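Enquirer: Let me give you the structure first, and then I'll get to my questions.
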Amino acid sequence: MSPLLTARAASKSYRTVSLVGRSPAKTVLSEATVTLSEGETVALLGRSGSGKSTLARLLLGLEKPDHGTIAFRGRPLGGFSRAEWRAFRGAVQMVFQDSLGAVNPRHRVGRIIGEPLRHLTTLDDAGRAARRDALLRQVGLTPEDADKLPQQMSGGQLQRVCIARALAPGPRLLVLDEAVSNLDLMLQIQMIDLLKDLQRQTGMAYLFVTHDLRLVERFCQRVIVLDEGKIVEEAPVTGAQRFEHPASRALQRAILPARPAAASVGDDEGGRRSATR
């Protein structure tokens, strides 16, 4: 697998400003080195405040590292032209934890999915409509759902809409920032199985940002563990995961002993697909 997106010794600090002045800089990410390759699924695992979301924002180009570099297919983001940034925005997309907060509640589903098609592709009106309908079907919804408002959909359905929106420009990498954490166990399983199906169809890579080792074991091939802003461990995902670092083992002890499993899972309310294991 060829490298797709890399971080090399990336560090990030923040200061807070109050009425009494600026606070000392707090380092939230320290010399993180990560390589994401075509077609693989990598977990970024850590407790709250470990630096996971900061590293994800740097990889997405939403923030700049204080030190180190982020590169897409070997080209540092800091040297991108406007055209290269536009191509990068289409190639690397994100799905957020809060699906309702990630969409405009006044926009219908068709418009939500249509925004990246309008800004990141060269399709005409007819082409965008056809692509929108195909995306809805691809995530287990129907073209009729394009006329619905977000509040008319279940949580699982709306997360499918967010995935369809992220797929719209044909990305090579999806960053999933706690993207299934707000769903119940059965919906988590359905969403993971949907993402696996989409990966088989498209060959895209995933960066799965999470604190839940059970989902990592079900979904990912490789896991990177962060603690206090540092990468403390990196390992392939195995059926019986054995960690070395104390922070990794603490995460392992925190999960329930049973792994999620289902023989046959029905879809979320109003959904059209079922996941069968």
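Backbone N, Cα and C atoms are what each Cβ position is placed from, and that goes for glycine too.
Relevant sequence annotations retrieved from Swiss-Prot are reproduced here:
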{"type": "BINDING", "residues": "Gly46, Arg47, Ser48, Gly49, Ser50, Gly51, Lys52, Ser53", "note": "ATP binding site"}
{"type": "DOMAIN", "residues": "14-253", "note": "domain 'ABC transporter'"}
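I'd like to know what surrounds each of these features in this structure.
Expert: When secondary structure is read from DSSP and collapsed to three states, Lys52 (ATP binding site) falls in the helix class. There are 25 other Cβ atoms within 10 Å of the Cβ belonging to Lys52 (ATP binding site).
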Enquirer: Excluding Gly46, Arg47, Ser48, Gly49, Ser50, Gly51, Lys52, Ser53 themselves, which residues in that chain have a Cβ inside 8 Å of the centre of the Cβ atoms defining the ATP site?
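Expert: Here the non-site neighbours turn out to be His211, Leu226.
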Enquirer: Counting across all protein chains shown, how many other Cβ atoms sit within 10 Å of the Cβ of Ser53 (ATP binding site)?
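Expert: Excluding its own Cβ, the number within 10 Å is 19.
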Enquirer: For the binding-site residues Gly46, Gly49, Gly51, which one has its C-beta crowded by the most other C-beta atoms within 10 angstroms?
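Expert: It comes out as Gly46.
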Enquirer: Could you check the binding-site residues Ser48, Ser50 and say which one's CB has the most other CB atoms within 10 Å?
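Expert: Its Cβ has the most other Cβ atoms within 10 Å: Ser50.
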